[in-house]
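Visitor: As annotated by Swiss-Prot, disulfide bond applies to 45-110. The annotation domain 'Ig-like' is assigned in Swiss-Prot to 24-117 on the grounds of sequence analysis. The region 'Framework-1' annotation in Swiss-Prot covers 23-45. Swiss-Prot lists 46-56 with the feature region 'Complementarity-determining-1'. Among the features that Swiss-Prot reports, region 'Framework-2' is placed at 57-71, with the record citing an author's statement. The annotation region 'Complementarity-determining-2' is assigned in Swiss-Prot to 72-78. For 79-110, the entry in Swiss-Prot reads region 'Framework-3', with the evidence type an author's statement. Per Swiss-Prot, region 'Complementarity-determining-3' is recorded for 111-117, and the stated evidence type is an author's statement. Swiss-Prot lists 1-22 with the feature signal peptide, giving experimental evidence as the kind of evidence.
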C-alpha cells in the first residue's frame, strides 16, 4: 500500500497541527484617535515576533470593503495618494498620513502576511 501523502495535502494538514503554525499577535495603537484636516497622523503596529517587511495597511469605510494602501511595509499601492506612507521592519511599523484630508476619515488596519516563522 502506497503511504505517500501528496505534497499539497501535507501542506494543508500542517496548518492544523498544533504548534506547526506560529501565532503572531499584532497590536495597533492608538486604538482610536482624534484628528483634524491638515494634521499629520501616525498609527503604529507591533508584531509579537519579527515579520520582516511582510506587513500591509488597509483603510476601511463603513459599508465598504477594505482598501489596500501599503504592502511590504512601505510600498504604496497604485492609485493611493502620496500623503500615505509606511515604514518599519521586524516588529514595529508605522502608517503616516502627512496631511489628513476629509476623505481620509476611516478605520485603518494593519495585517501581517508572514504566516510561518
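Yeah, the Cβs are placed from backbone N, Cα and C, and that goes for glycine too.
Because the structure is a prediction, the values reported are computed rather than measured.
Locate each feature and note its surroundings.
Guide: Long-range Cβ neighbours of residue 45 (disulfide bond) (same chain, at least 6 residues apart, Cβ-Cβ under 8 Å): 26, 27, 28, 29, 55, 57, 88, 92, 93, 94, 95, 110. Following the DSSP three-state reduction, the secondary structure of residue 45 (disulfide bond) is strand.
Mapped onto DSSP classes, the domain 'Ig-like' (24-117) shows 3 helix, 42 strand, 49 coil.
Over the region 'Framework-1' (23-45) the predicted model carries a mean pLDDT of 94.
Non-local neighbours of the region 'Complementarity-determining-2' (72-78) in the same chain are 53-56, 84-89, 93; each lies 6+ residues outside the stretch with a CB under 8 Å from one of its CB atoms.
For the region 'Framework-3' (79-110), the list of distant contacts is 26, 28, 35-53, 55-61, 66, 68-70, 73: same-chain residues at least six beyond its ends, Cβ to Cβ under 8 Å.
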